[in-house]
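First comes the structure, then the notes that go with it.
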Amino acid sequence: MESSRGFDSGPSRPLTRTLTTGNLQDVKDPEVVPSSLSSIAPILRVANEIEEKAPRVAYLCRFYAFDKAHKIDPSSSGRGVRQFKTALLHKLEKDDNETLKARSAKSDAREMQNFYQQFYTTYVESLENSAGDNVDRAQLARTYQTAAVLFDVLRAVNQQSQEMVDKDVMDKAEEVKFKTEIYVPYNILPLDPGGNTQAIIMLPEVSAALAAIRNTRGLEFGPAKPNSQEYDVLEWLQITYGFQKDNVANQREHLILLLANVHIRQIPKPNPQDKLSDAALDSVMKRLFKNYRSWCKFLGRKSSIESPSLQQELQQRKILYISLFLLIWGEAANLRFMPESLCYIFHHMASELNGMVAGKVSSVTGENIKPAYGGEPDIFLNKVVTPLYNIIAAEVSNNNRGTARHSAWRNYDDLNEYFWSVDCFRLGWPMRPEADFFKPPRAKTNHRQVQGRFVGNKRASWIGKTNFVEVRSFWHVFRSFDRMWSFFILALQAMVIIAWNGSLKEIFHEHIRKRVLSVFITAAILRLIQAIVDIGLNLKAWRSMRLTNMLRYILKVVVAAGWVVVLPVCYARTYSDIAFVSNFKDLLGGAGGGRSLFLTAILVYLAPDALGLIMFLLPPLRRRIERSNNVFMRLLLWWAQPPLFIGRGMHEDFYTLFKYTLFWVLLLVSKLLFSFYVEIMPLVGPTKEIIQAPTGNYHWHELFPRGNYNIGVVIALWSPIILVYFMDAQIWYAIWSTIFGGIHGAFSRLGEIRTLAMLRSRFLSLPGAFNDNLVPPTSEEKPRRKGFTLHKTYKRLDEGFKPAQEVERTPDGVEMSAINEKDAAEPQVQIAKFSQLWNAIIESFREEDYIDNKERELLLIPYNSDPTMKYMQWPPFLLANKIALALDIAQDFTDSKTDEELIKRVNDTYMKGAIEECYDLLVVILRIIVKGKHECKVVENIIKDVQDNIMGKTLLKAFRMTALPLLYDKVVELVDILKDSDPGKTERVTYLLQDILEVYTRDVKKENNLDIPEASHHHHWGDLKSSEGRVDNVSVENTQPQLFERKSIDYPPPESLIEKIQRLHLLLTITESALDIPVNLEARRRIAFFTNSLFMEMPPPPKIRNMLSFSVLTPYYNEDVLFTRKGLEEENEDGVSILFYLQKIYPDEWKNFKERMDCTDMNLWDNDKTADAVRQWASYRSQTLTRTVRGMMYYRRALQLQAFFDMAAPADVIQGYKAAVKDASTDKNQRSLPATIEAVTDMKFSYVVSCQQYGHHKRIKASQANDIGNLLKEYPSLRVAYIDEVEEGKKKEYYSILVKALISKEEESAVTEQVVYKIKLPGQPILGEGKPENQNHAIIFTRGEALQAIDMNQDNYLEEALKMRNLLQEFLEHGKRAPTIVGMRENIFTGSVSSLAGFMSNQESSFVTIGQRVLANPLKVRFHYGHPDLFERLFHITSGGISKASKLVNLSEDIFAGFNTTLRGGNVTHHEYIQVGKGRDVGLNQISMFEAKIANGNGEQTMSRDLYRLGHRMDFFRMLSVYFTTVGFYFSTLIVVITAYVFLYGRIYLALSGLETSLELFASLSNNTPLQAALASQSFVQIGLVTALPMVMEIGLERGFRMALSEFIVMQLQLASVFFTFSMGTKVHFYGRTLLHGGSKYRSTGRGFVVFHAKFAENYRLYSRSHFTKGLELLILLIVYNVYGTTVHKTVPYLLITISLWFLVGTWLFAPFLFNPSGFEWQKIVDDWDDWNKWISNRGGIGVPADKSWESWWEDEQAHLNSSGFWGQLIEVILSARFLLYQYGLVYHLHISQGSTDILVYALSWLVIIVVLGIIKVVSMGRQRFSADYQLLFRLLKVILFIAAIATISVLFVVTNLSIGDLFTGALAFLPTGWALVQICQACRSAVKRIGMWESLKSLARGYEYLMGLVLLTPIAILAWFPFISDFQTRLLFNQAFSRGLQISRILAGRKEKKMN
């Protein structure tokens, strides 16, 4: 058979079948094709599409795909190829006979040809003939692609059957091929010939940019000149330098959009607009090459950017430079993190460009200059990018997955900083592969293959680190901020001297002053330490360090050492009368010198500091000096700071300097005064007494019995005070930042509208504020005044309406008027804009289900397009109860009062508006529904009567006000019936109209003087006679007819009247309940914030055409995109599903959803539409990608609305946006307004989601791929970038790919994913941290001048999107320094899930509001703390990107972008008139992992070069700001915990040594104020008050201080202090461990609803080392102090001193169980215990995960020690030695020791430990050797050991003084010692393994873990016996959710309820 053979002569080897089976369905899906066979995916797609119509043709397509796949990979060596080919072969065998029967032609060749011709005629020709200018490019592209595939198959089939293809078919195929090249894939701009008629191409600014880049005059293309007539400079660069085709296409569009947007924004407007202005080009050049020009100046090299001699060539040359840089950047891959390496590449390539364009001749070859790399396709990638990439990859491979020391490999910064030195030019051009830069790092093994490049063990050739070494050490804290520590140390010394010798008032007395001057000696010592630390920590960078820098470091040490000698000598000679100095002076010999000697030395010593002070006071001068590249200036600054490319001139203006200096002066004065009077001064007296007291009697063997002054007691007393002294500045920072932040927030008008009542009171001004801040000013308007004012007024638009005029009416009674545009613009156009945008916001609320239909009606403004409207129509919620209130007021008025009094009473704007609107609506309705001639006359007479009385002010004289309620009731009933439009109630309408007439004439009117004519159809009896005189028909219908009968009214009313009737009914019946809408808290918050923001200061918005263009970039890895039905309905162990949980936690939103979708709980999944809506509803309430994408696409929606209002004529604006959109559906003209709006929106906004794993997801058919595809379909302007891994032979190739959805206009369901750009990468792009690398690969696909970084746990709102163009103006409307990062606030939307989520939400909210507000102003140290900041895009693409990516070093990647920006002279601002949403973690374990990640990141920051440079390059006060707002918080928190340890260990020392008793310390220290103040300060940080202060202030500002106070109280009742204390332990543990040992890693916290029970073993694994072991240690300390201390006998002092420590212990031990749902349920505890026993008993091993075995977890938990290095292990050993103090102190308190203090007692105690360890070793060996074969012998051994132990203890009881108390004391003594041995042996792992004790140690460690588990679980199990404990816990955890209707008990009992039902 034909079908059983290949298309060619035959395959190279027979196709054999294998036993491997595949999924036959998968082979039909082109997305699951193996990556190495990706070229056959289009063939399979076509087969799927045509299978239904032509199954045989589909079969042939698949056979062709199989044949092609076999040729690509004949050996099936690629991943998944064998399975795929097997499954496809099975499919072909199955379909062969079936499709053969369905074949209509005689042969496959003829069948194929017939189908091709049919397809061409049906689809291709019909589409081309009907297209015209409005071509459906998506449909055409799909059709051409299908036709091309079909022709390939046709040709292969004909070749196999040896038949010729018809000439007609060949011609058609050629035409298709030609057309395919015309309609090429594009992103935003269709630049092919087929796109010339598109609206975006016809924009003048785009035409100008396009014409500019197509100016190729003078450029020689050579033989490779493109065939297209419209070639451009980028194609010339592609041919010349060998750039990738898709890179060129990508950057072409990028450049055109960039130039077009800058061009159209020029002021004055370029004339003509279709010619690119030089100013626009210069603007782009200035920003794009700012970094390059600075680099050239810094290195002393001439810039390669030159101006041509001919002016006509200037613009072309500039475009060439810009294009060249963008092409380099677009293909640079990981090199984008190394901006100066790009400068190096550009420098050489631009130099070659200059030579080629100018026609210069090479001095070497004598020929025309040619590029060093060029002429071949992709040569730039292969020869320039790849070598540099390879060395990056080689360095990263030496990182050993993050376990290697940072000094062992070069990170991105090291490699980039190589290009900060002129040595980089040694690389040459072309680059020399043998250059030192390309030498790989020292490999762990002798041979390694990295990215195809051999790397050997070439230790000597590796150049090492550059400029800085990241070494794990706490010394970095001192090194980076040495000025701060020196200040605090010197201030402490001065205060102690003053307090010791007198008081602060006596500071200028001679005896104090000369002692205080000794601080300069200390300063010299500190400088020496700093110089030594600098050298010690930077040793690994000396190989690459310049000689001048080495000399500087050495001289620093020498000079500092010299001053350490000189200053003490001068001090001794000058102040010989000081006792301690005179002894020192005698050693020097000679008499004392003059008094001026020391002062002279000080003046010389301080000379550099004096110069620094002058520079500090003159920031512009210092900025200029530091940025100067002059040799003299560099030499002047050489001593102060080494010459670096960045970090120069980071000094603010005078005003900013004054603000943050004032802040810190106030803070430091407060802190020092408090420290002096509360901490230091009161402690001096007791200290003197202790020093003078004789040495006490020791209760132990004192190692230093001859020590004087009781120095140990003094240290124990002063240590916690000194620690708190260094820490409490953080507390003072919290206090002063709260004060400053609160004042700033109040002046920014935050919280002026925070309730619905406030909104209603300010709504009159809202339209004016809206138009002032969100509507661009016209050229005729005066510039709006900016700046703060105490009273801000806005024009009330309702006052601009003109009086009603006589107007013509349509037959339906609608008013018409011919008005010109100028009249319409004031105020109708403004009202139209406000109303439509307000309504769009309300509609978005309804779409999001925050409001129901009723609330929607009450919130909408009834926009009327009638231009003659004479009043403002307000939303009904403002008019609640106004009509009823007006009636009540009117009833009180009689004819004794005047109309003026009545009008005065109802002159409330809303009431007056309601009355006027009700009256007008009633008039319009009556005029339309009443159609009888006489009835119309009656209605007009009544209207005229009322109008006359209103105009004549005779209402009270003419009408009875008391009868109005009766008339009101009738009207309400009438309107109610009209609203329902029920035809069966026609008679009732008649009766009501008659009743209204009667009530009006008889009850309301005092005098019935109206002319009421008879009905027109009234007949007499005589009229009924026939011509014969008979009465023919006598009936009720023709007897005595009345007014308003059926024939005289139009009922049901016409459709055009329904809206007015509903509006009238709403106004008449709306009650006070409308005052409380919206009910939903989130809707209230959003409305309040949005309206409040309109009264805040913001830049006036430009027109859409003139606004900055911007992109949004969201990195995505593997998180949820959209919940699946299974995921929503799947129940957990408690019977709770996600959907059930969400329904209960958001009950009102679920009710609104069901109302919107018209469904019930029973039919949610009945149809696809509702099912998809349910999935979306749930996903929009979680942290999913779908929520983020929807939020970000609001930007586009907002821009479209704003573009319409900017570009539409006044009449169109009044007509409305919806009408324009409706017209657009029928108007296909590309020059129409809707098409232009779309085009402008595309120019201004783009959104790229970087889905790193999307290609992999498609291949494995993951749900994420399908959901992302649906997002592309739902949002056609969305773009997805991903990394594709393709196997090409045995080599893997990587590509950055951008895709979009190709949606047909005619058939929206026909969606194809189209690859827009596919750019090859040099290798695996994820070398460093995943998120920044993911951003980096996709950033080339972004557009615009600004870039917003958005995480996938964020959200956005339509009302906030309307303010985006205001925010973008911040980049343009600035002072002296343009911002490079514009920050905005966030709203944490996860706070309602649980109490923990609320704590986290409040904490995060305070940071992103008041915290960042203070950082930006006044401190000027706001960095980038994550998203949603806006980046000045051109600045950052030339400065290293929007984040840093070095593995582990940049774990907190976002903040390093802020560091980098600041160091490179950027400016970061923060603005609070706009916000986005953000989700946070909601469960304790999630939160703890997040805190651990942040703490790890801060540990890495501490030793980073960025922080070091910020600490040294900023002035003193700004440096303080950097410290206390970054790592200082974590270091201060660490000091807090260390304070607790130092205090308790000090007390233990005093208690166990006996000094506390012998010195009777309690007598003098019973009310020790300093100690209490110190521990109070420690508690202040511990329980979270540092965090709570700004939190309370911000809540007070925005929601009222009463609410803030109640919120704070509720948080405390919910145990917020427990949460913050527990979080403190997490921060301290991971921060400290990172600095000591490393072990940092990215911790995926998950973003789901983690509010369910976590098992005990899971909690133990998470918190064992960070909390439990530390908590138990503190518990033992407290117990020992309680037993042996004397202070405990006095309850009050003991409680004051230790209460916070007991709280700390309880929190660290039991908070995880307290905040664990169902943590006190007995059954859960039983299950947890079983799980715990199973886990701790399981053996570990290779492949056994940590959650399955204690041994595996134990190994993982100490893994950081393996890579810690010698010093880290030594420090660990030293720290572990503290546990030995218990044994040393307690053994002397045993009764068995009989009061002896001999050292032998301690030695004998070690004998006990040795014996115990020996027993453990024996048991361990016995278990290994005897437990299997000699079980009985092993049991006997254990019995013998047990009996021996009992016997020994019994003998000791009898023979010695051993007591029961001794057993307790012994446990307290020996248990810590055993733990110390475990910790020390872990640090010395290799040595312990060598002596064969590792298994015994493991057994000992397991015993300790088991004991800790028992201690933790026992109290929980006891509490679980009491049922009310569990109920209390549930209420505690979910209190906030209860207040919103969450019945958590129902959730946890969900399974039971369902079973019962």
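In case you wondered, yes, glycine gets a Cβ from its N, Cα and C as well.
The domain '1,3-beta-glucan synthase component FKS1-like' annotation in TrEMBL covers 316-432.
The feature transmembrane segment is assigned by TrEMBL to 484-504 (among others). For the transmembrane segment (484-504), same-chain residues at least 6 beyond its ends with a Cβ under 8 Å from one of its own Cβ atoms are 477-478, 511-512, 515-516, 518-519, 522-523, 526-527, 530, 672, 675-676, 680-681, 684, 722, 725-726, 729, 1516, 1519-1520, 1523.
As annotated by TrEMBL, transmembrane segment applies to 553-576 (among others).
The transmembrane segment annotation in TrEMBL covers 596-619 (among others). Same-chain neighbours of the transmembrane segment (596-619): 517, 520, 523-524, 563, 566-567, 570-571, 573-575, 625, 639-640, 651-654, 657, 1515-1516, counting only residues six or more beyond its ends whose CB sits under 8 Å from a CB of the stretch.
Annotation source TrEMBL lists transmembrane segment at 657-678 (among others).
The annotation transmembrane segment is assigned in TrEMBL to 709-727 (among others).
Residues or ranges marked as transmembrane segment by TrEMBL: 733-751 (among others). Remote same-chain partners of the transmembrane segment (733-751), defined as residues 6 or more beyond its termini with a Cβ less than 8 Å from a stretch Cβ, comprise 663, 666-667, 670, 788, 792, 1092, 1095-1097, 1409-1411, 1413-1414, 1417-1418, 1472, 1524-1525, 1585-1587, 1589-1590, 1593-1594, 1596-1600.
Per TrEMBL, transmembrane segment is recorded for 1522-1550 (among others).
Marked as transmembrane segment by TrEMBL: 1692-1715 (among others). Counting residues 6+ beyond its ends, the transmembrane segment (1692-1715) has Cβ neighbours under 8 Å at 1395-1396, 1484-1485, 1540, 1543-1544, 1562, 1566-1568, 1571-1572, 1575-1576, 1578-1579, 1582-1583, 1615, 1617-1619, 1621-1622, 1625, 1654, 1656, 1659, 1662-1663, 1667-1668, 1670-1672, 1674-1675, 1678, 1681, 1685, 1912, 1915-1916, 1929, 1932-1933 in the same chain.
According to TrEMBL, the transmembrane segment annotation covers 1799-1820 (among others). Tertiary neighbourhood of the transmembrane segment (1799-1820): same-chain residues 701, 1783-1784, 1787-1788, 1793, 1837-1838, 1841, 1845, 1866, 1869-1870, 1873-1874, 1877, 1893, 1895-1896, 1899-1900, selected by CB-CB distance under 8 Å and a gap of 6+ residues from either end.
Annotation source TrEMBL lists transmembrane segment at 1832-1855 (among others).
What TrEMBL lists as transmembrane segment is 1867-1885 (among others).
The annotation transmembrane segment is assigned in TrEMBL to 1906-1925 (among others). Beyond the transmembrane segment (1906-1925), the same-chain residues lying 6 or more positions past its ends with a Cβ under 8 Å from any Cβ of the stretch are 1656, 1660, 1664, 1668-1669, 1672, 1709-1710, 1713, 1719-1722, 1725, 1728-1729, 1732, 1736.
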Inset, instruction - Sort the residues of the domain '1,3-beta-glucan synthase component FKS1-like' (316-432) into helix, strand and coil with DSSP and give the three counts. - result: 78 helix, 2 strand, 37 coil
Legend entry - Other parts of the chain folded back onto the transmembrane segment (1867-1885), taken as Cβ under 8 Å at six or more residues beyond its ends: 1669, 1673, 1676, 1679-1680, 1758, 1761-1762, 1769, 1772-1773, 1776-1780, 1782-1783, 1785-1787, 1805, 1808-1809, 1812-1813, 1893-1894, 1897, 1900-1901, 1904
Legend entry - Same-chain residue ranges lying at least 6 outside the transmembrane segment (657-678) that approach it to Cβ under 8 Å: 491-492, 495, 498-499, 504, 619, 651, 725, 728-729, 732-733, 735-736, 740, 1417-1420, 1515, 1517-1518, 1520-1521, 1569-1570, 1573
Legend entry - For the domain '1,3-beta-glucan synthase component FKS1-like' (316-432), mean pLDDT (0 to 100): 89
